[in-house]
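Look at Swiss-Prot and you will find 23-43, 85-105, 109-129, 137-157, 172-192, 212-232, 278-298, 308-328, 329-349 tagged as transmembrane segment. Among the features that Swiss-Prot reports, heme binding site is placed at H276, H337, with the record citing sequence analysis.
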Amino acid sequence: MSALDTAPAGSLAETHAQRGTRAVAFWLWSLAVLVFLMVVLGGATRLTESGLSITEWKPISGALPPLSAEAWQAEFENYKRIPQYAALFPDMDLAGFKFIFFFEWSHRLLGRLIGVATALPLLFFWLRGRLPEGYRLKLLGLLALGGLQGFVGWWMVKSGLSDRVEVAQERLAIHLILASLTFCFIVWLAASLRKRPREISPSKASGLAWGAGLILLAILVQIGLGALVAGLRAGRAYNTWPLIEGNFLPPVESLTLLTPLWRNFVDNLLTVQFQHRMVAYLVLGLTLLQVFWTSGTLGSGRATKRAIALLGLVLAQVILGILTLVLVVPLWAGLLHQAFAMLVLGMAVAHLQALSQGR
């Protein structure tokens with residue numbers, strides 16, 4: 001007689017539930033990796049000026065690239081009709097077009113894959129009754145977020161097809177922030193499935209979680225500001241550090257050159273880069289304070305180690321940002337900078353989630 005035959009029914013049910021939870025957690029962490037890759041591939045698409053190479057949105061038929069010489073030429077002719085071609089790539093041949101096309105096509109294909117990798121396992125776990133309590137609506141919300149991101153991506157691309165030679169930087173920022181929020185949501189859901197005993201009293205955990213939440217908010221703002229920098233190509237200007245145009249704090253008249261005033265925060269290259277620099281210092285300072293606060297409150301426990309790890313990632317990201325700036329945004333540096341932004345974000349979410357559970 002096996003151990004399973006003699007085990008109490010309640011114990012068997014508990015084991016089945018634990019296995020289901022582990023499977024759901026593995027699925028969610030896998031989705032987080034896919035979204036991470038999606039953001040990095042999106043960065044490569046932007047840095048190679050590939051984002052406008054596909055001028056139509058075909059959610060189903062667009063999953064396949066052109067399969068004949070005639071189809072490739074037709075796609076190329078479509079691209080030649082938009083302003084970017086004449087302004088940036090008037091000498092591009094078909095081989096060059098195929099290069100940028102495959103970046104954008106791969107980005108969209110990965111988006112479709114993420115949609116399938118979300119919907120099918122969700123349906124499977126739902127029908128098998130293996131979703132943890134309270135997760136059904138949350139996961140439906142995640143699926144809706146993915147669909148919304150597809151629409152926002154096309155809305156962003158449309159902004160560069162008629163009167164501009166690039167996508168609107170504010171739409172790029174919305175696209176990246178929505179991807180970042182989706183990533184945050186997945187990491188939070190996955191991390192929440194790891195149950196451990198409470199180690200921190202509710203009063204101490206609440207205060208520390210408030211600080212961690214402020215850090216997370218600052219990181220999200222910084223990611224949005226980074227998208228504005230990328231959309232304006234502001235990283236290719238003012239390529240000195242720590243001074244910008246010979247000053248740590250640029251003249252107010254230079255920062256407020258455009259009218260109305262709000263336009264400077266999204267259209268003024270100097271202002272956009274300056275605010276990205278300043279918020280980087282803010283994130284670094286808040287993270288350093290979190291380390292002192294956590295270690296002073298809890299000693300050298302698990303939460304302090306997480307805070308130190310987050311500080312290390314933030315410091316590495318600041319150094320990468322400086323290198324990206326002074327080297328005038330080489331592809332490798334731009335991609336590493338974007339990848340590290342998501343690593344910082346994921347660590348910040350995991351830290352906040354653990355504190356919310358008293359760990």
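Any Cβ shown, glycine's included, is placed from N, Cα and C.
From a predicted model like this one, the values you see are computed outputs, not experimental measurements.
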Would you mind listing, in sequence order, the residues at least six apart from H276 (heme binding site) in the same chain with a Cβ closer than 8 Å to its Cβ? Q222, L225, G226, L228, V229, A234
Segment-segment contact (the transmembrane segment (23-43); the transmembrane segment (137-157)) at 3 or more Cβ pairs under 8 Å: no
Return the residues near H337 (heme binding site) by Cβ distance under 8 Å, restricted to its own chain and a separation of at least 6 in sequence. G226, Q317, L320, G321, T324
Could you tell me what the rest of the chain brings near the transmembrane segment (308-328), counting residues at least six beyond its ends with Cβ under 8 Å? 215, 235-236, 238-241, 280, 283-284, 287-288, 290-291, 334, 336-337, 340-341, 343-344, 347-348, 351
State, in range form, which of 85-105, 137-157, 212-232, 278-298 has the highest count of Cβ pairs under 8 Å to the transmembrane segment (329-349). 212-232
Looking only at residues six or more beyond either end of the transmembrane segment (137-157), which have a C-beta under 8 A from one in the stretch? 51-52, 54, 57, 59, 108, 111, 114-115, 118-119, 122, 131, 167-168, 171-172, 174-175, 178-179, 181-182, 185-186, 189
Contacting positions for the transmembrane segment (278-298) when only residues 6+ beyond its ends and CB under 8 Å are counted: 200, 204, 207-208, 211-212, 214-215, 218-219, 221-222, 225, 304, 307-308, 310-311, 314-315, 317-318, 321
Could you pull out which residues elsewhere in the chain have a CB under 8 Å from any CB of the transmembrane segment (212-232), counting only those six or more residues past its ends? 43, 46, 166-170, 172-173, 175-177, 180-181, 184, 266-267, 269, 272-273, 275-276, 279-280, 282-283, 286-287, 290, 310, 334, 337-338, 341, 344-345, 348-349, 351-352, 355
